[in-house]
Amino acid sequence: MAQRRFTLILLACLTCLPLLPAHAALFGNSHGNQFIPAEQAFRFDFRQQGSQLTLSWDIHPGYYLYRQQIRLEPVNATLGAFTLPAGSRHHDEFYGDDVAIYRDELNITLPLAQAQNDSQLRVTWQGCAEAGFCYPPETQVIPLSAIAAAPPSGTGIGSTALIPAPPPAGGQGIITPAPPPQSNNLPFSPLWALLIGIGIAFTPCVLPMYPLISAVILGNRLQLSTARVLLLAVVYVMGMAITYTLLGVAVAAAGLQFQAVLQQPALLIGLAALFILLALSMFGVFTLQLPSALQTHLALWSNRQRQGTLPGVFIMGALAGLFCSPCTTAPLSAILLYIAQSGNLWFSGFTLWLYAVGMGIPLILVALFGHRLLPKRGPWMQQVKQGFGFVILALPVFLLERVLGDSWGTRLWSLLGVAFFGWGFLLCLQARWRGARWLAVLMLGLTLISARPLQDWLWGAPADMTSTTGAAPVFQPVQTLAQITQALNAAPGKPVMLDLYADWCVACKEFDKYTFRDPAVVEQMSRFTLLQADVTANAPVQRMLLGQLQVIGLPTILFFDSRGHEIPGSRLTGYMNAADFTRHLRKLAP
């Protein structure tokens, strides 16, 4: 009897299985049921014990918090020095390959330097699901208990005191000792600093000085072993590297105080203009160097050191790091300004250390083998200097791309490519060595290829290219529920698609880049009236809209019929590829 009952129950369960998808469709597709509300994905708690405040997040499995999106804003209170946990590295196509995230749990201990009875701390965080679903930034205001102001204390290398400031437009402001949003995806590896340092060694201001510097650090001691010569040269280079390393750490530490400001368009444009001026100095438009009086004072101080001794050579190298010749000032200033945006002390110090080592490698070779290894001076040295001018010009293009957008960024990169390869083409025409003509042909071809985006912008893209790649869909922007209702009423008998978008939503950008531009998707979307609500700023009116539409995160796409009613089971949450999205649209508008 028991076996018969078990068999009947099993048959009943198997019979109901095909009905489960149909019942699930009544409440939305399976794509939308797999995500939990933000308060469940990231359970936040806090505890204050005297002058110590602990913030903790319990992160649900399969979800993560962005380190760069954690923002702390004290109100009528002062926070002491602290650091955020390093987190784990995460590959992100749009934020960069080296984004720091937190999984499972996060605990932050904050020292309170001063607080009153009415003091508060605004804590903001933002995270996503591994499956491709992002939540809007969450903010919680924490009441603080009053404590007496503590005497000021210095900050260490690994920490910084916070200065409360309002977040910039777009919700990307960061007030924390963590790197800014683009700190980890700067298109600049520290190894590039090594190559730049080696290249700077072959500029007309630096290369002729190496034999003289080699003689100075070795002194009058002619009978030195190879090991001793190598040791003296390395000690000199390490002394120079120490100066540059400390300079990089100091610049990064200063940049920590202004990370939110470093994301402002006005400052990005100003930095881009400064980089352009530095590049012009490399092209010989003007000369940039330390005042001659300061250089003379440093030279006299260096000459007082004992030549041929390890301490004296080390001090000479450290002082040499302060000399800025016309050829080194511009690249060094560009690197310093660039790494100031990272706020990462170790990254900045290591970058400048590699830069100094790169400059010192030719010096070590000269000390060991003499000046015979050095190439002869000539016009090629000036060409090396000009080449670094183009390297510096890449930095303002990167900065302006954030302000002007991807389209103008592509045009600026195209313009830089045309200028660089065109310059290389002219140099190859003037060269007389074998193979220069073939290299000139290659440079000409690269110039024409680089000019393609500019050509498409000025004269329009070819029709066959447009039809192959698919044009970007045109959405009608909406911000409030009233505007959405008005657009639904005005829809000309067509179903309506409402896309909820934000810049901090990675999957939203994947939709825009991969799905919406697919030709089959574009064809199906033409049957819909397209609306889009940009909630990047996470303003109160935008949070109200998300609440009214019962949206817990992005990307979320809603579909309405021609009468303005949301189509049951049509709502999408999370990323969907072009093929699946096309099939979904065909079901809604066959």
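Keep in mind that glycine also has a Cβ here, set from the backbone N, Cα and C atoms.
Take the candidates Cys428, Cys505; Swiss-Prot pairs Cys508 in a disulfide bond with Cys505. When each of the disulfide-bonded residues Cys134, Cys505 is scored by how many other Cβ atoms sit within 10 Å of its Cβ, Cys134 comes out lowest. Pairs of Cβ atoms less than 8 Å apart link the transmembrane segment (349-369) most often to 229-249, out of 229-249, 266-286, 409-429, 438-458. Around the Cβ of Cys508 (disulfide bond), the number of neighbouring Cβ atoms within 10 Å comes to 26. Residue counts for the domain 'Thioredoxin' (457-590) under DSSP (helix as H, G, I; strand as E, B; rest coil) come to 57 helix, 23 strand, 54 coil.
Comparing Cys508 (disulfide bond) with Cys134 (disulfide bond), their Cα atoms are 9 Å apart once rounded.
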